[in-house]
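J.: Structure incoming, see below.
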Amino acid sequence: MKLCVTVLSLLVLVAAFCSPALSAPMGSDPPTSCCFTYTVRKLPRNFVTDYYETSSLCSQPAVVFQTKKGRQVCANPSDDWVQEYMDDLELN
């Protein structure tokens, strides 16, 4: 009986120290995609297929546009053309 309790305790300790999900506080993962610069040129609308907004954990807000060729382009969310493209993509 003592052996079972010892083995079980050891397994619990190993699981607690080896599992990052159990040992890290919730929400502590760093953001996976952040933009540090914005494009200086307006993208042609017919090049853009999709978009997403970066995480609020990033140092600056950004909209990332996906192009037909699979490229990702960071844009300033306060630019008028960016808002227009986002609205257009939401409607389609």
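Every residue number used here counts from 1 along the chain in the order it is shown.
Every residue gets a Cβ built from N, Cα and C, even glycine.
So Swiss-Prot lists these for the protein:
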- 1-23: signal peptide (SIGNAL)
- Cys34-Cys58: disulfide bond (DISULFID)
- Cys35-Cys74: disulfide bond (DISULFID)
J.: State the count of C-beta atoms found within 10 angstroms of the C-beta of Cys58 (disulfide bond), not counting that atom itself.
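T.: Around Cys58 (disulfide bond), other Cβ atoms within 10 Å: 16.
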J.: Cα of Cys35 (disulfide bond) to Cα of Cys58 (disulfide bond): how many Å, rounded?
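T.: Here the two Cα atoms lie 8 Å apart.
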J.: Which of the three DSSP-derived classes (helix, strand, coil) applies to Cys34 (disulfide bond)?
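T.: In three-state terms, Cys34 (disulfide bond) counts as coil.
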J.: Measuring Cα to Cα, tell me the gap between Cys74 (disulfide bond) and Cys34 (disulfide bond) in whole angstrom.
T.: 9
J.: Hey, does DSSP put Cys74 (disulfide bond) in a helix, a strand, or just coil?
T.: strand
J.: Only counting partners 6 or more residues apart, tell me which same-chain residues put their Cβ under 8 Å from the Cβ of Cys34 (disulfide bond).
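T.: Listed in sequence order, they are Thr54, Ser55, Leu57, Cys58, Ser59, Gln60, Ala62.
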